[in-house]
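Notes for the one structure printed next.
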Amino acid sequence: MFLSLLETCIRSRNLVLGQVIHQHLLKRSLTLSSSTVLVNLTRLYASCNEVELARHVFDEIPHPRINPIAWDLMIRAYASNDFAEKALDLYYKMLNSGVRPTKYTYPFVLKACAGLRAIDDGKLIHSHVNCSDFATDMYVCTALVDFYAKCGELEMAIKVFDEMPKRDMVAWNAMISGFSLHCCLTDVIGLFLDMRRIDGLSPNLSTIVGMFPALGRAGALREGKAVHGYCTRMGFSNDLVVKTGILDVYAKSKCIIYARRVFDLDFKKNEVTWSAMIGGYVENEMIKEAGEVFFQMLVNDNVAMVTPVAIGLILMGCARFGDLSGGRCVHCYAVKAGFILDLTVQNTIISFYAKYGSLCDAFRQFSEIGLKDVISYNSLITGCVVNCRPEESFRLFHEMRTSGIRPDITTLLGVLTACSHLAALGHGSSCHGYCVVHGYAVNTSICNALMDMYTKCGKLDVAKRVFDTMHKRDIVSWNTMLFGFGIHGLGKEALSLFNSMQETGVNPDEVTLLAILSACSHSGLVDEGKQLFNSMSRGDFNVIPRIDHYNCMTDLLARAGYLDEAYDFVNKMPFEPDIRVLGTLLSACWTYKNAELGNEVSKKMQSLGETTESLVLLSNTYSAAERWEDAARIRMIQKKRGLLKTPGYSWVDV
């Protein structure tokens, strides 16, 4: 009787009645003698998401090694309730206890691995699958596809998917959602078309929802409209998740009018819909409209839709557009509404003040957080670097490690950037060691930051060693190394690397060409620089020269002493020269004691607005040419107008 009642409670997820039955069983001492009863109680608590109670009952099961069902239930409960580490630990304990996993064990432990991005553990479990009777099981193989796709191991996901003897809708959707998470839009569209062509399956609601991340991140308006049309034809467009997804795609595709039209349709919106509309306005630099939507949430019956995400988005908009008073108002609302106790909101407020430049407020908010996490520290470390307080980031980095909080990639990137700003080789080398020990040294972004740090600390050989040992290079990797060769005066090495880059099939971008022009300038490679700029102007690299490229060419000519040619180059620019271009030329006039040309350039600079830089450079140019009266006259003008040079200081670690 009790077993049938328990079965009813499990099916209806009636926790209260189930606990009453459990109490009766305890009073009659029936639970200790029956593993069947204990397994069903574990099922009850697991189905009701009462994970701790489920584990307590699970631990009472006698001879658990003969009953794999209980292990499966417990692993599933952990994996489904964000206790991924415990699910993985229990799986290994299951193996050590001599219990053979079933086909229901693997999908949930792989789900835990995907949540933890535990690639090594997942690959080990894959080997266990291959040694079991479930290597071709569709349910298990789909879980493997989902694991590899979510972890970014897309080639392995394709391999497992292609080797599946039979694929259902769930397997196709796992591929689509996994590739979509990594913004592989072309692959997502291809899979969407192939599922019908190859296996005769029509995309369902889950397929469409899985496509939205790739469509949104790519800003794919044309494809987004096509998917919207498909949803309308198939009757999916009335689904709330689909409406919100389409809204988000339009907003991220810079088509905010269409996004607003979807938002204004008569349907019951949830908190995700409101947040998507606010985020769309913020992303499209329409902070006023974002504020209006946020206010609309507060004054109508939608106040329950206000979430930490919505508060974070509106604060992000205030930070981006320098609206300190608006951000403070949102901060006050968060305090009054009780959101200030939410760690996500607290971290967002720190990030807002840090991005705005109000580090005092950021530190004050940081000090008020009781239990800080890695995001709390990351927000402040990044803020310190951005606001020219890089030395503070070292203290915070040390503090978080002593507090038992493990730094992540964002932390390390912030600290390495601080090391670059200060040329702090000691701190940078220590951070490099931490990256190696904890497995971050294979990350492309970390390697790029390490190269930048070593380059600016004068250790070009170490930077090159990092570059040579990288598993995967992106365009930033090449650009960083090119800039490194350039600032160290190794123009020929930079040109050689540039050629190697093209030979490997990597197309240069505007930053690449800026780096190679800068390298030519610092090495006096005038002819090579001219040839490169002419190729760029002809469109050989599909990059249009911008003001920075013209500034580099001006510096190249002026630094080599071709002042008249540089001046002629500046006058023939397709747009008005800015203060940087003219400052570069004026600095060269000082170096080569060309007071006449310096005077002409100074007049152009002053037409853009008088600056301390232009007057100081002109005064120095006159002094270098021994025109002391003119130099004194410029100094007097500078003094009368209050354009005084601010004394500065700098330091490096030795």
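Cβ atoms are placed via backbone N, Cα and C, with glycine included.
Keep in mind it's a predicted model, so treat the numbers as computed, not measured.
Per Swiss-Prot, the features are:
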REPEAT    1-32  repeat 'PPR 1'
REPEAT    34-64  repeat 'PPR 2'
REPEAT    137-171  repeat 'PPR 5'
REPEAT    172-203  repeat 'PPR 6'
REPEAT    239-269  repeat 'PPR 8'
REPEAT    270-304  repeat 'PPR 9'
REPEAT    307-341  repeat 'PPR 10'
REPEAT    342-372  repeat 'PPR 11'
REPEAT    373-407  repeat 'PPR 12'
REPEAT    443-473  repeat 'PPR 14'
REPEAT    509-543  repeat 'PPR 16'
REPEAT    546-576  repeat 'PPR 17'
REGION    581-654  region 'Type E motif'
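Same-chain residues lying 6+ beyond the ends of the repeat 'PPR 10' (307-341) with a Cβ under 8 Å from its Cβ atoms: 271, 274-275, 278-279, 281-282, 285, 287, 290-291, 294, 297-298, 348-349, 351-353, 355-356, 358. Here the repeat 'PPR 16' (509-543) has Cβ contacts under 8 Å with residues 475, 478-479, 482-483, 485-492, 494-495, 498, 501, 549, 552-553, 555-557, 559-560, 562 of the same chain, all six or more residues outside its ends.
Broken down with DSSP, the repeat 'PPR 5' (137-171) shows 26 helix, 0 strand, 9 coil.
Residue counts for the repeat 'PPR 10' (307-341) under DSSP, split into helix (H, G, I), strand (E, B) and coil, are 29 helix, 0 strand, 6 coil. With a cut-off of 8 Å between Cβ atoms, the residues of this chain six or more beyond the repeat 'PPR 5' (137-171) that come close are 103-104, 106-108, 110-111, 113-114, 117, 119, 122, 126, 129, 177-179, 181-182, 184, 187, 195, 199, 201, 204, 206-207.
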